[in-house]
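One structure is given below, represented as structure tokens, and several questions about it will come after.
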Amino acid sequence: MSSSRGAWASRIGLVLAMAGNAVGLGNFLRFPGLCTKYGGAFLIPYFIALLLLGIPLMWVEWSIGRYGGQFGHSTAPGVFDKLWRNRFSKYLGALGVALPLLITIYYCYIESWCLAYTWYSVTRPFAPQEGDTQKILYSPVSPQFVTEVAAWKSSRALALPITRTEWEQKGQNLKSANPRRFEKLNPPAIFSNLDTNRDDSLTTDELTLQSSNNSNLMRDLISQDRESQLTKEPITQAEWLAATEDILQHNPEMARLLKLPSDAAFTAIDLNKNSALDPPERLAIEKPLANARTQLFLDEYLGSRSYEDPAIEATYFRTLWPAVFFWIVTVAINCLVLGTDINAGIERLAKIAMPALIIFAIILAVRVLTFQSPSTAEHGYTVWDGMNFIWEPRFDQLANPEMWLAAAGQIFFTLSVGTGSILCYASYLKRNDDCALTGLATASTNEFCEVVLGGSIAIPMAVAVFGLFGAQAIASGGSFNIGFVAMPLIFEQMPLGRLFGPIWFALLFFAGITSSVALASPMMAFLQDEFGISRKSAAGILFGILIGFGIPVVVFPGSAYLDQLDFWAGTLGLFIFALIELIIFGWIFGGKEMWAEMTRGAQIPMPRFVYYLVRYVAPIYMFVILGLWILQEWQTLTSVESFLPEQRGYIWMARASVVTVIGLVALLVGLAWAIKNSSPPPERRE
């Protein structure tokens with residue numbers, strides 16, 4: 001092993017770098033969103049997953065990385081080759097290089113939003129004119145309850161008899177749309193055969209008892225037409241009151257979704273006072289920020305709203321060039337940090353960014369706890385109601401398997417297990433350096449940032465400004481809704497908001513960059529270890545890869561390209577790779593050898609039950625989660641039919657990108673070992 005591999009200069013630098021790897025955008029955006037979606041009950045499966053999966057897996061990756069570092073390997077291909085003397089093991093390790101690289105490709109783009117928003121929150125207001133604040137509407141009704149009322153109305157409309165006119169019109173439309181297939185279709189004759197009571201209408205019973213392929217097809221198409229029409233029709237006050245009475249009679253628990261009595265709630269959400277809940281009024285409840293100026297700012301910045309007509313004047317951005325500029329700057333900053341040695345680059349960044357991040361988060365958390373929203377007088381919610389919502393569990397939610405899957409996924413996401421980055425950082429440890437205490441300190445730092453700080457900023461503020469139902473509706477739209485659409489509006493309502501806005505986005509940028517340099521490190525280390533490439537040259541190659549593969553992420557906003565990369569690399573891929581690590585380290589390497597490696601140099605006694613967690617509990621837990629996941633998502637895994645037609649080409653492009661990157665890394669692994677077997681191993685150059 002070359003002596004130029006480098007090492008951590010201090011334990012505090014190691015802990016901060018490892019914590020920076022874990023503390024990312026998910027701590028301040030994804031975690032609060034999940035808490036809002038599932039309520040306080042989410043923390044129960046979250047902490048169970050932390051104890052049964054997160055901490056044991058983190059110790060495994062620390063131990064694997066330290067073990068591989070003894071042989072000059074900082075990445076999974078080389079480490080797996082030493083743990084399992086099999087010619088295929090190194091190719092499994094290729095996932096530990098390809099997956100974090102794929103995540104870095106899109107993560108850098110999201111990180112660049114934080115840099116851009118930091119700049120724009122200082123240099124220009126989000127309002128078109130200084131002092132122009134936007135009225136934020138408060139809803140005393142949960143979007144879920146409005147959906148229930150709409151479903152109540154729809155079920156009754158779909159149960160109505162189908163008239164002869166409706167039937168024959170649909171049949172004629174079918175024949176016109178596809179004359180070859182339906183040339184012999186005779187809708188009047190089919191109707192007459194089905195209409196047994198001769199009342200010129202078809203009931204559900206008549207359709208069910210005498211169904212045929214053509215009659216079923218026409219019935220389903222007519223139902224779709226009715227449902228499509230119903231979404232455009234308003235819900236009248238009479239329908240609202242009847243639906244509310246029926247819903248609450250059958251399910252009294254639904255009353256928690258109404259802040260006011262039924263009639264008063266309807267009056268509050270009937271904004272134009274026409275005794276009907278119109279589609280725009282429903283949209284204001286279900287997507288309260290759809291028309292917010294901060295949503296327009298984000299859409300124009302990302303290029304989601306294009307202005308081909310030069311006569312149309314953009315409010316903020318006409319082109320995508322500002323987003324491209326900040327993205328390239330962000331990628332360049334990452335590569336500059338990675339291009340210097342580990343002490344002057346990653347460790348120095350961690351020593352600056354992590355304390356700054358924590359200080360900024362504490363400043364914001366203190367400001368949140370003292371925040372009195374002007375909207376509280378209207379809806380009655382304070383920041384303490386938001387805190388209470390996060391921490392007060394509803395135990396009936398524990399029966400929801402989706403929540404358990406989400407909790408396990410968040411633990412993987414927040415601790416960065418399964419990414420190969422912990423393994424890479426740990427490879428710079430010396431043979432007898434401690435993994436147990438240092439690893440636990442890293443996990444504790446991450447949990448403090450996520451649960452204590454992350455849970456104390458965005459959601460309590462959103463509840464205080466938008467009310468509980470509004471905050472839930474915003475969170476259901478995704479983590480970006482909270483961070484980039486809701487928070488700028490909230491800062492408008494806050495004294496000194498122009499100060500706290502930049503602090504919030506700088507906090508997100510620091511959280512992002514400490515994670516992205518860690519995610520990119522396996523590719524850097526692989527090029528150095530296996531090909532002897534210098535760190536600066538490896539950083540240049542990485543810059544080209546991130547820009548080349550990142551272009552579709554930037555230029556195809558709203559195409560599902562980014563979401564697909566996140567699903568395959570950042571979600572499913574992490575589970576599979578972590579499971580492979582457990583099997584190789586716990587079973588193929590051997591239980592006795594595994595335990596000796598994990599406990600060597602430990603500065604705190606590692607409980608014996610951790611051995612059983614790593615060998616038995618964690619793999620079984622993960623197999624169950626993965627099995628349930630695949631059962632729920634198998635259609636998403638194998639098809640694109642559930643996506644919009646205009647998105648399907650981009651989805652296949654994203655999947656092809658994932659396969660291409662994994663395949664190229666596997667080819668590089670094979671090439672590196674072929675060179676290694678035919679000549680002395682290259683010396684790693686800094």
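Counting starts with 1 at the first residue shown.
Glycine is treated like the rest: Cβ placed from N, Cα and C.
Annotation comment: TrEMBL describes 12-29, 41-60, 91-120, 320-340, 352-371, 403-426, 463-491, 503-527, 539-561, 567-589, 609-630, 650-675 as transmembrane segment.
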Is the transmembrane segment (91-120) in contact with the transmembrane segment (609-630), using at least 3 Cβ pairs under 8 Å (sequence separation of 6 or more) as the test?
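Taking Cβ pairs at least 6 residues apart, the transmembrane segment (91-120) and the transmembrane segment (609-630) are not in contact, as fewer than 3 fall under 8 Å.
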Between the transmembrane segment (567-589) and the transmembrane segment (539-561), do 3 or more CB pairs sit under 8 angstroms, pairs being 6 or more residues apart?
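No, these stretches are not in contact.
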Count the Cβ pairs between the transmembrane segment (463-491) and the transmembrane segment (12-29) that lie under 8 angstroms and are 6 or more residues apart in sequence, then report whether there are at least 3.
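As far as Cβ distances go (cut-off 8 Å, pairs 6 or more apart), the transmembrane segment (463-491) and the transmembrane segment (12-29) touch.
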Per the definition of 3+ C-beta pairs under 8 A with sequence separation of 6 or more, do the transmembrane segment (91-120) and the transmembrane segment (503-527) touch?
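Since 3 or more Cβ pairs under 8 Å link them, the transmembrane segment (91-120) and the transmembrane segment (503-527) do come into contact.
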Are there 3 or more C-beta pairs under 8 Å linking the transmembrane segment (503-527) with the transmembrane segment (352-371), counting only pairs at least 6 apart in sequence?
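Touching, yes - the transmembrane segment (352-371) and the transmembrane segment (503-527) meet the threshold of 3 or more Cβ pairs under 8 Å.
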May I ask which of the stretches 41-60, 503-527, 650-675 has the most CB pairs under 8 A with the transmembrane segment (12-29)?
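Going through each listed stretch, the top one turns out to be 503-527.
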Ranking 320-340, 403-426, 567-589, 650-675 by the number of C-beta pairs under 8 Å to the transmembrane segment (41-60), which range is first?
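Maximum Cβ contact count belongs to 403-426.
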Considering only the recorded stretches 320-340, 403-426, 650-675, state which has the highest number of Cβ pairs under 8 Å to the transmembrane segment (567-589).
403-426
